[in-house]
Amino acid sequence: MAHLSDIQCFFSEALGTAILLLVILAVTDKQNGPPPSGLVPLVLFILILGQGACLGMQTGFALNPARDLGSRLLCWAAGYGRQVWTYRYQYWLYTPVLGPIVGAILGTVIYDGLIFTGSESIFNKPDTVTRRHRSKAPEKASCKTITSGEDVV
């Protein structure tokens, strides 16, 4: 990590978490045409595997403050001393703790602002005309069985 600045480390963690939240929100949104329910874990596995391969080498791939903070607390309790807290001038605070929090907020705001259109959206609330149109959607037409000699138009 000596080749990365602290801002680059923070941005790497925030970007990884933002992408993770964007994909999680997209595959679990029922109005977004999600994959079949059995494929959601596979999609998330491929996403996390890809993120680990692309972003994991730079900062240790925290994506969750508990993933870094728990092991840091254990090392401190095991006797490693203050070095776990003072490495790179409080690196532990803003990269693996604040980076994923900022990334999660950013990913959720991007998804809500650009993609999600439900009634509980903060940024993308449909107007009254759109809500009225969605509530009065036509029912599906029943299919008529064609017997020999009949033409259905």
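Glycine too: its Cβ is placed from the backbone N, Cα and C atoms.
If one looks beyond the transmembrane segment (7-27) by at least 6 residues along the same chain, the residues whose Cβ comes under 8 Å of a Cβ in the stretch are 1, 34-35, 40, 43-44, 47-48, 51, 55, 58-59, 61-63, 91, 94-96, 98-100, 102-104, 106-108, 110-111, 115-116. The transmembrane segment annotation in TrEMBL covers 7-27 (among others).
Listed by sequence, the residues of this chain that lie at least six past the ends of the transmembrane segment (39-63) yet keep a Cβ under 8 A from its Cβ atoms are 1, 4, 8-9, 12-13, 15-17, 19-20, 23-24, 27-28, 95-96, 99-100. Residues or ranges marked as transmembrane segment by TrEMBL: 39-63 (among others).
Through the fold, the transmembrane segment (91-111) approaches residues 6, 9-22, 25-26, 59-60, 62-65, 67-69, 72, 84-85, 123 of its own chain, all at least 6 residues removed from its boundaries and within a Cβ separation under 8 Å. The transmembrane segment annotation in TrEMBL covers 91-111 (among others).
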